[in-house]
Amino acid sequence: VKVLKDKECPAMIIPSTPLARRCFPAIRAKKGVIMVGNETTYDDGHGHRRNVTELLEGAKKANVVLETRQLAMKIFEDYTVSWYWIIIGLVIAMVASFIFIVLLRFLAGIMVWVMIVMVILVLGYGIFHCYMEYAKLKGEAGSDVSLKDLGFQTDLRVYLHLRQTWLAFMIILCIVEVVIILLLIFLRKRILIAIALIKEASRAVGHIMMSLLFPLCTFFLLCLCITYWASTAVFLSTSNEAVYKVFNETACQFSGQTCQPETFNTSNVTKLCPDAQCLFAFYGGETAYHKYLIVLQFFNVFMFFWLANFVIALGQVTLAGAFASYYWAFKKPDDMPAFPLFSAFGRALRYHTGSLAFGSLILAIVQVIRVTLEYLDHRLKAADNRFAKFLLSCLKCCFWCLEKFIKFLNRNAYIMIAVYGTNFCTSARNAFFLLMRNIIRVAVLDKVTDFLFFLGKLLIVGSVGILAFFFFTQRIKLVQDTAPPLNYYWVPILTVIVGSYLIAHGFFSVYGMCVDTLFLCFLEDLERNDGSAEKPYFMSPNLKKLLKKTNKGQPDA
């Protein structure tokens, strides 16, 4: 009785099987009868016999664990037989990303203008289709009813039978078409400049090939940050101690007090309260350290954001320094330093760590506030306070916009830091006002590069994903026997698709940083230089020709 009271042995003993180092009832079906061991009933430990079916509810939940384990084993088997094919797929994605960046030097203008023409043609067809539908409904019963008289209808198809609906669509599309054509007329030169900068960025990446591998360094440092944060969080979470309390069924003066199981049976508590037990209550502690443990976790999250943003900033200022050395070389690439990427990395670590840390700190503070707001929103989901929810939603929206703006400002500030070596505040102010003075060029370049990057990612991920699908489903007859047998063919396919996207994103992030750096350098070049012998232009001959600029008394680089 004492052994059972101290809970050193279970009160209910039934035939069991091992499951994840735990004892699980050996339930089985024999001729349609549910049994545990060889019996249909079991002793519940209180002298009563119960039916085995009462154990099934617990068995169902355990079966989920078993099925999950089997699924994980099958997925692991698929990886063991297909890992080298997955690597080949990722290598193909890497080569395709590199080829796309190289081809942008020749095809950027063609792709942009073809897409613009296609948008105009699609809008033109939309106008024609709306007019045909408008003309077809002429004379039909009920088609002349106005939208105001019809009112709101849940079935939206009703509106398609009205002439006024198609007339409104046609007017809207005509306005959009006219606006796009007018924008093209007035912004054609800026679009040509954006295309020329994208082509120039492709040349810069070609001269600094190591820049395409630099995201691996950033990824490695980010992994170290994540490992540090996760290990610290785990150590803090597991630093709690098991707290035991006195529990009893009758009145006892020691009820709820802390106790130690090792010495409880020899203490005065058992003498004064015979039915009292020293049982586990919770994990925690009553020291000052345990009381402020949540503050330490919060500080750990803040440090993670700070370190992660610092690593990203270090990568951005390194790439900006390397590509700026390409732009400001008068004779490209002869005047470039021997190792531009390593030189920029050394300058960033030696001279700019304070500026990077300050910019990262500002961004980390905003991100921590956003995380806090998300936590508060999660806690208030059960509450029925609409004003609090509205206020939280507004704050979340404002801080989301603030984070986007700070990321944009930091990125351009880091470029100015890499070019001029000024501190963060001065660089951020100069970059912001420089961009504001050229806001239309910024908007055009941003949209053109976004379109090309979207097209590149879609092309690379889509082509590699389709190739992986046909290969792993054994639909390519030439290599049908080469494809490995799989439990789930979607496992390597999804892995290849996700990996291809990450590789393409890494390549295009370098390319995007190159475009932004050359763009800021180009704007600085236009404002600071005039083409004279003392202040020659450093831009490429194509940009000079496009802007009708020349260096007086000096041959173009």
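Here the Cβ of each residue, glycine as well, is placed from N, Cα and C on the backbone.
Any TrEMBL annotation is an automated prediction that lacks curation.
The model shown is predicted, which means the values in this text are computed figures rather than measured ones.
Feature annotation from TrEMBL assigns transmembrane segment to 83-103 (among others). Remote same-chain partners of the transmembrane segment (83-103), defined as residues 6 or more beyond its termini with a Cβ less than 8 Å from a stretch Cβ, comprise 202, 205-206, 212, 456, 459-461, 463-464, 467-468, 471-472, 483-484, 492, 495-496, 499-500, 503-504, 507-508, 511.
Residues or ranges marked as transmembrane segment in TrEMBL: 110-128 (among others).
Annotation source TrEMBL lists transmembrane segment at 166-187 (among others).
According to TrEMBL, the feature transmembrane segment maps to 208-230 (among others).
Sequence annotations record features per position, and here TrEMBL assigns transmembrane segment to 303-328 (among others).
Residues or ranges marked as transmembrane segment in TrEMBL: 349-369 (among others).
The feature transmembrane segment is assigned by TrEMBL to 413-436 (among others).
Here the transmembrane segment (448-472) has long-range neighbours at 82, 85, 89, 92-93, 96-97, 100-101, 104, 108, 111-112, 115, 191, 194-195, 198, 479, 483-484, 486, 489, 492-493, 496-497, 500-501, 503-505, 508, 511-512, 515, meaning same-chain residues at least 6 beyond its ends whose C-beta is under 8 angstroms from one of its own. Under the heading transmembrane segment, TrEMBL lists 448-472 (among others).
Annotated transmembrane segment per TrEMBL: 488-508 (among others), in sequence order.
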May I ask whether the transmembrane segment (110-128) has at least three C-beta pairs under 8 Å with the transmembrane segment (488-508), counting pairs 6 or more apart in sequence?
no
Checking distant contacts: for the transmembrane segment (166-187), what same-chain residues at least six beyond its ends satisfy Cβ-Cβ under 8 A?
116, 119-120, 123-124, 126-127, 130-131, 133-134, 137, 147, 160, 440, 444
Counting a contact as 3 or more Cβ pairs under 8 Å, with residues at least 6 apart in sequence, do the transmembrane segment (413-436) and the transmembrane segment (303-328) touch?
yes
Same-chain Cβ contacts of the transmembrane segment (303-328) under 8 Å, 6 or more residues past its ends?
201, 204, 207-208, 211, 214-215, 217-218, 221-222, 225-226, 228-229, 336-337, 340-341, 343-345, 347-349, 352, 356-357, 359-361, 363-364, 367-368, 410-411, 414-415, 417-419, 510, 513-514, 516-518, 521-522, 525, 538-539
Distal contacts, the transmembrane segment (349-369) - CB-CB under 8 A, six or more residues away:
298, 301-302, 305-307, 309-310, 312-314, 317, 399, 402-403, 406-407, 410, 413-414, 417-418, 421, 423-424, 427-428
